[in-house]
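Enquirer: Encoded as structure tokens, here's the structure I'll be asking about.
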Amino acid sequence: MREVISIHVGQAGVQIGNACWELYCLEHGIQPDGTMPTQSTNEGESFTTFFSDTGSGRYVPRSIFVDLEPTVVDEIRTGTYKKLFHPEQMITGKEDAANNYARGHYTVGKELIDTVLDRIRRLADNCSGLQGFFVFHSFGGGTGSGFTSLLMERLSVDYGKKSKLEFSIYPAPQVSTAVVEPYNSILTTHTTLEHSDCAFMVDNEAIYDICRRNLDVERPSYTNLNRIISQVVSSITASLRFDGALNVDLNEFQTNLVPYPRIHFPLAAYTPLISAEKAYHEALSVSDITNSCFEPANQMVKCDPRHGKYMAVCLLYRGDVVPKDVNTAIAAIKTKRTIQFVDWCPTGFKVGINYQPPTVVPGGDLAKVPRAVCMLSNTTAIAEAWSRLDYKFDLMYAKRAFVHWYVGEGMEEGEFTEAREDLAALEKDYEEVGADSNEGGEEEGEEY
């Protein structure tokens, strides 16, 4: 089997994990206590990539929840799905990382890391052919940034060749949950850059807007946001959990989306996200949903791909979709002038089709639709997101604001400068990748 272990770190990671596993269970007909009613025996058993079978008719998620403080994980321990997870898969510390990368990475995180790696080792031993790890976390929090980067470093040591995909919550441009988010984000990006194979970014503000605009939710809660994020995660992982016409496996994402090791931050878009009232009046053909993927309104990160160039696009369809319609839709997109590809990657479309229609959480905001598409695109526009973050970092760091909290936890000030330089290099990498290849052919050689 090609198993995947999901690791949910910090409050954001754990709450997204909650939403994802709720959705997986609905998709596979697994009850909240892990049993599967006998009549719905799955043919193909593909879902065992994410669930392990205990042999006594119970299915346990191959996942781990880690937080440096207990309150968020306690909600799972006492919630609807408390019987689904093995109690050993919930690991919590006593004191939290206090939005401080250094606490998550050095002081508080150090005490938990060995327990976590031990549990991961047990899950890995239970797999016959472990394919890789899916790590969910936020950039802004102390645990999400600091502990994740520590974990990724250690996973590289223990499981060198296994792929590691990240699902990161990027700090929203307007809505901030912590003053030091820019510090944490840049430190964690710098540390995990060489350890992560592919990182899907999602920013809360973009999803707030989707909730308000498409779902008519006036004041979205984290539950609303996480249910949308879980649909995206579900689309990305659907091909590992179901049998489809064009299946995409973990390594295939990387092969098709990552042209250079550092340029591994695809932009996610998902359509259709509409409320039940609207769905009733819309047709939503394959070409409709494919086109709307290219609209900035449906993207999970605030940036404008019309200002950037696409390097690669991966379209993951699910539901009632036939390849012929997809080809027609893609051909139409290629003729549009607004959608530009870099000149060294002319074709650039990878397609996955899965016949399992999208599932929605009963009583949620999303309408049940016959087909949906998730688009993962590697575009130079995402550099906008980095430059925004770098700018905020610079404003604070010029005054050395809040730096003493990090240094007090055993970090050196040099790490800030080093991380900031690495991100400047990343912005430059994006710039060079987007530049036309016929300009300045001299200095090509030494970059990679």
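Using N, Cα and C of the backbone, Cβ positions are placed for all residues, glycine too.
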Enquirer: Given the ranges 176-196, 428-448, which one is assigned the annotation region 'Disordered' in Swiss-Prot?
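Expert: Checked against Swiss-Prot: region 'Disordered' maps to 428-448.
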Enquirer: For the GTP binding residues given in the record (Q11, E69, S138, G142, T143, T177, N204, N226), what is the largest pairwise C-alpha separation in angstrom?
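Expert: Maximum Cα-Cα distance: 22 Å.
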Enquirer: Have a look around T177 (GTP binding site) and count the other CB atoms within 10 A of its CB, chains all included.
Expert: 15
Enquirer: Using E252 (active site) as the reference point, find which of the binding-site residues Q11, G142, T143, N226 has the shortest Cα-to-Cα distance to it.
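Expert: Given the candidates Q11, G142, T143, N226, the nearest one is N226.
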